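**Q** Dropping the structure in here first, questions after.
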Amino acid sequence: MAASMAESCRASLYLARSVRMARPRLAAFASDACRVCTGPSRFQSTGPSEPGGFKPPPKPVIVDRRRVPEDERRFLSPEFIPPRGRTNPLKFKIERKDMLDRRKVLPIPEFYVGSILRVTTADPYASGKTSQFLGICIKRSGNGLGATFTLRNTIEGQGVEICFELYNPRIQEIQVVKLEKRLDDNLLYLRDALPEYSTFDVNMKPVPQEACQEVPVNKLKVKMKPKPWSKRWERPNFNIKGIRFDLALTEEQMKEAQKWNKPWIEFDMMREYDTSKIEAALWEEIEASKKS
């Protein structure tokens, strides 16, 4: 009995001694394992010049692929394109040279029917020898040096329209206050619309717009005054998209207007005027004029 107790005491002492000797080794192994898992530079702040330090990734560069490059979105003013069936091309070539020379003196900006413009002209009877008019462009017509554009505004409840000659030497400045398009290429129906659609503040400030940005299209549809109108705008030959006909006409009147419809005209290829080759030749003339 005594021998067995002595043997058990001896075994327990040997086990305690072995655990005491292995404890430092376990601590060192645990510290090495933590150092390997976390890494020596996990929580250390390294300077920018220290090799192997943490470097933040570069900021992403967002490129809007929907934007059209400025070189591709070139604008050719419509008066440069000669009319169909021209008989004297030399006349239009001489006119274009004169037009380009005048544009070097007076820069004519890009604008469309529906854009809001401010035009400054020389007026010998005004106090400051100049006069200004702001309005919405409702029409562009003419070719060559005879090109014109019409502005409309409502002043003191009265609709006022002024037709300017685009290359008139009395024009001192053409400022685009708001560049935009409308659903139609002709806004003469604003004469028969409510005055609120033709009223603009004469002190309106220009709306900034990037050069590479596409021209916005204003899809506004106007409300008309009660009939009679200056023209039968509901007939299909005008192809008006910017009028709320449902508020001004009845179903019987709309059906009556559709009797004048000629659906075969849109398929008549002889009515199309392909100006692609003419525009390419015109751009060569314009680029040559800029270099000279």
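Placement of Cβ uses the backbone N, Cα and C atoms for every residue, glycine included.
Pasting the relevant annotations from Swiss-Prot:
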{"type": "REGION", "residues": "41-60", "note": "region 'Disordered'"}
{"type": "MOD_RES", "residues": "S77", "note": "phosphoserine"}
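Locate each feature and note its surroundings.
**A** S77 (phosphoserine): 17 other CB atoms within 10 A of its CB, across all protein chains. Secondary structure from DSSP puts S77 (phosphoserine) in coil.
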